[in-house]
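Colleague: Provided herewith is a single structure, encoded as structure tokens, for subsequent inquiry.
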Amino acid sequence: MKVKGIQGNWQNWWKWGTLILGLVIICSAAENLWVTVYYGVPVWKDAETTLFCASDAKAYDTEKHNVWATHACVPTDPNPQELSLGNVTEKFDMWKNNMVEQMHEDVISLWDQSLKPCVKLTPLCVTLSCHNITIKDNNTNVDTEMKEEIKNCSYNMTTELRDKQRKIYSLFYRLDIVPIGGNSSNGDSSKYRLINCNTSAITQACPKVSFEPIPIHYCAPAGFAILKCRDEEFEGKGPCRNVSTVQCTHGIRPVVSTQLLLNGSLAEGEVRIRSENFTDNAKIIIVQLVKPVNITCMRPNNNTRKSISIGPGRAFFATGDIIGDIRQAHCNVSRTEWNDTLSKVAAQLRKHFVNTSTDIIFANSSGGDVEITTHSFNCGGEFFYCNTSGLFNGTWLNGTSNNTWKIDTVNDTIILPCRIKQIVNMWQRVGQAMYAPPIKGVIKCVSNITGILLTRDGVGNNTSNETFRPGGGDMRDNWRSELYKYKVVKIEPLGVAPTKAKRRVVAREKRAIGMGAFFLGFLGAAGSTMGAASITLTVQARRLLSGIVQQQNNLLRAIEAQQHLLKLTVWGIKQLQARILAVERYLKDQQLLGIWGCSGKIICPTNVPWNSSWSNKSQSDIWDKMTWLEWDKEVSNYTQVIYNLIEESQTQQEINERDLLALDKWANLWNWFDISNWLWYIKIFIMIVGGLIGLRIVFAVLSIINRVRQGYSPLSFQTLTHHQREPDRPERIEEGGGEQDRDRSIRLVSGFLPLAWDDLRSLCLFCYHRLRDCALIAARIVETLIRRGWETLKYLGNLVIYWGQELKNSAINLLDTVAIAVADWTDRVIEVVQRAGRAFLNIPRRIRQGLERALL
């Protein structure tokens with residue numbers, strides 16, 4: 001009875017175990033996740049790419065920048081769009097921005113290209129005999145120092161005929177010539193040479209070209225985007241929480257200047273101070289003002305310009321007559337505006353550098369090249385070098401509430417004396433200089449000071465002041481002051497994520513149906529969750545393609561406009577690069593989609609299972625709480641692995657599809673009678689006949705071998721054999737007696753078809769008998785295995801129950817034995833303790849008894 005109960009329990013356990021296992025399998029299958037490809041996701045990565053320019057310049061303007069921008073830049077967008085990216089935090093670094101390097105190279109290339117067709121002034125490297133100039137003016141009170149600012153020089157120069165020379169007179173600024181061997185004994189006459197002749201070649205700027213810059217917009221090619229930081233308190237480096245995306249930057253004027261930044265953008269709220277490292281006094285400090293300061297510069301004289309032939313087909317432009325005082329070039333700055341601005345700058349510097357007990361001092365430049373020690377800039381085609389000591393000569397006093405300044409200026413206008421140079425060594429490059437031809441007439445230019453470039457003196461141990469001086473010289477800092485809030489990123493429209501959808505069947509691809517989604521822009525959904533952003537994928541993907549096409553058309557028109565020049569500028573080359581890069585990126589993405597079997601699809605499920613080692617986050621965490629940017633960072637290390645698995649899966653699917661299509665041609669009954677299949681039928685027929693003949697031979701050989709083993713001689717199976725029974729012997733062997741008297745013969749078959757039919761019949765019977773025997777044997781083996789297995793399982797179950805009971809009894813016996821032993825040991829311990837206690841308690845009694853005995 002006990003065994004039957006155990007068997008019944010075991011059967012119940014088997015049923016419940018099978019049910020639980022099935023439920024586990026179903027649940028696990030229901031939770032399987034598969035890789036799904038998304039095209040058009042708002043994901044980007046930092047990148048460096050070739051930017052192109054846009055400008056609204058007019059083609060009829062003769063100014064070089066304008067001509068260059070008109071022919072080499074695309075027109076600006078009259079309605080530029082800026083798309084805010086909510087819930088996005090991006091890192092910016094103005095000190096490691098490739099846009100700055102590109103702009104620096106572009107402006108240098110612009111200046112170099114403007115000089116290429118111009119006249120080389122190498123013949124001017126001759127000995128100059130110079131003396132002070134005589135000024136033709138009604139005012140006879142002319143300062144001697146001002147007279148020495150310009151020299152009237154004579155020199156011999158080749159005329160239109162190379163074998164003839166003539167003496168030529170022209171005027172040079174004192175800064176452009178250097179004496180040879182000291183002054184002569186004549187006092188006001190000596191030998192000079194041009195300042196560049198021992199270091200660099202000189203090229204005269206083309207006379208119809210001025211250097212007044214116009215705004216230039218830098219634009220990203222298709223497949224890339226420009227991110228803009230709109231955080232007012234952004235200091236140029238670090239995370240920015242107010243980010244937007246634009247296709248082009250704002251209009252940036254390529255103003256080449258030192259110490260002061262002119263006609264740039266202004267800060268919002270308050271003055272902004274930016275530096276790569278505030279504690280390093282070797283790093284430049286870029287100050288962005290919140291309110292512009294007007295600066296008016298002028299050369300008050302009325303100059304004339306003359307052309308001097310220096311050889312066949314070459315002309316040198318020099319200053320002719322001088323009307324008025326040409327040396328009195330100067331700039332005017334409002335003292336009130338400047339003091340107010342500098343006080344705000346000092347307040348911001350104090351926050352970054354010093355404590356509340358330190359004064360801030362502004363001082364003039366400590367020395368260096370004239371481009372560094374003065375405020376150098378271009379005004380109306382002339383290069384001014386102005387002394388800024390009047391601007392940087394004050395102290396921010398500690399504890400003074402009215403921001404008292406000590407300025408060495410009495411009037412309300414600060415006058416900055418300026419000098420003019422015509423030989424300019426641009427970009428601090430050795431070996432190349434430019435001669436700026438003089439500009440006739442009065443020159444006046446009005447600009448806005450929008451920024452300052454400062455350097456900080458090293459702080460000594462015994463000083464409580466911080467001294468700041470004007471700096472500059474590296475034009476990258478000028479461009480950095482405008483490009484600090486931009487960065488270029490590469491759009492990565494392909495994304496993979498786990499979903500429950502699986503590519504289940506092998507079928508021909510169909511183009512995905514577009515979803516009617518509201519237009520948010522390609523990167524507009526960057527801050528949305530993955531689930532919300534996936535709704536706009538169709539619109540984003542179409543916008544990407546349309547943006548590429550539109551941009552290619554604009555670039556193509558700009559390139560076509562340069563064909564009459566028979567050459568391309570640096571911008572033309574970059575536009576070609578931008579066109580190729582945009583098409584290449586789009587084709588690369590489409591190639592990947594085609595390899596994965598996702599051509600024309602925005603959401604493409606695959607049959608690649610999602611590996612939890614890539615990311616073990618749940619579906620709700622992924623699609624409801626994460627953005628595509630966060631998800632891309634989560635799986636960026638496994639992206640290439642996933643791509644390879646998708647490609648392998650698609651390759652296998654194509655193989656399966658090819659096999660399926662190969663079988664599809666037999667689906668129609670009429671295809672069986674197609675003439676193209678006849679050769680295939682003949683081949684199969686020949687194979688069957690050959691197989692039958694081979695089997696016939698094999699069975700014949702086996703039959704002969706079998707008969708030989710039984711003692712018979714091999715006879716032809718096509719010969720009729722007649723056996724005459726002996727009168728006293730029955731048919732066959734003794735055990736076969738009693739059979740009827742008849743002849744025994746082998747069946748004689750004649751003809752091809754009867755022979756084939758007989759062989760086929762024998763083959764079928766043989767196969768049937770052998771297969772039946774094999775099936776019976778297999779069924780018997782399976783039945784035996786099942787019975788033995790069930791008996792073994794029952795035996796093992798009973799054995800487990802038996803040994804469980806035995807172990808239980810053994811454990812109980814062990815516990816009883818331990819309890820008894822512990823009880824005995826405990827009783828002895830208690831008895832010993834009791835005896836010790838009684839002995840201790842009887843000590844007084846024993847003492848009393850001892851005393852009583854002693855007294856007795």
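In case you wondered, yes, glycine gets a Cβ from its N, Cα and C as well.
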Colleague: State the disulphide partner of C240 as given in Swiss-Prot, choosing from C219, C229.
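Modeller: Between C240 and one of C219, C229, Swiss-Prot records a disulfide, namely with C229.
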Colleague: Nearest of the recorded positions to C386 (disulfide bond) by CA-CA distance, picking from C73, N156, C206, C297, C598?
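Modeller: Smallest Cα separation from C386 (disulfide bond) among C73, N156, C206, C297, C598: C297.
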Colleague: Work through the recorded positions one by one (C130, N156, C206) and name whichever has its CA nearest to the CA of N637 (N-linked glycosylation site).
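Modeller: Of all the candidates listed, C206 is nearest in space.
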Colleague: Given the recorded positions N87, N132, C197, C206, C240, C604, tell me which ones have a C-alpha lying within 10 Å of the C-alpha of C153 (disulfide bond).
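Modeller: Final answer, ordered: N132.
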Colleague: For the region 'CD4-binding loop' (365-375), jot down how many residues DSSP puts in helix, in strand and in coil.
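Modeller: Looking at the region 'CD4-binding loop' (365-375) with DSSP, the answer is 4 helix, 1 strand, 6 coil.
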Colleague: Can you grab the distance from C598 (disulfide bond) over to C206 (disulfide bond)? Cα atoms, rounded to a whole Å.
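Modeller: Rounded to a whole number, the Cα-Cα distance is 58 Å.
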Colleague: Within 10 Å of N332 (N-linked glycosylation site), Cα to Cα, which of the recorded positions C73, C206, C240, C297, C764 are there?
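Modeller: Qualifying among C73, C206, C240, C297, C764: C297.
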Colleague: Relative to the Cα of C248 (disulfide bond), which of the recorded positions C118, C229, C331, N339, N364 has the closest Cα?
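Modeller: In terms of Cα distance, C248 (disulfide bond) lies closest to C229.
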Colleague: State the Cα to Cα distance, in Å, between C118 (disulfide bond) and C240 (disulfide bond), rounded to an integer.
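Modeller: Per the Cα atoms, C118 (disulfide bond) and C240 (disulfide bond) stand 47 Å apart.
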Colleague: Tell me which of the disulfide-bonded residues C206, C229, C240, C604 ends up closest to N87 (N-linked glycosylation site) in space, Cα to Cα.
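Modeller: Nearest listed residue in space: C240.
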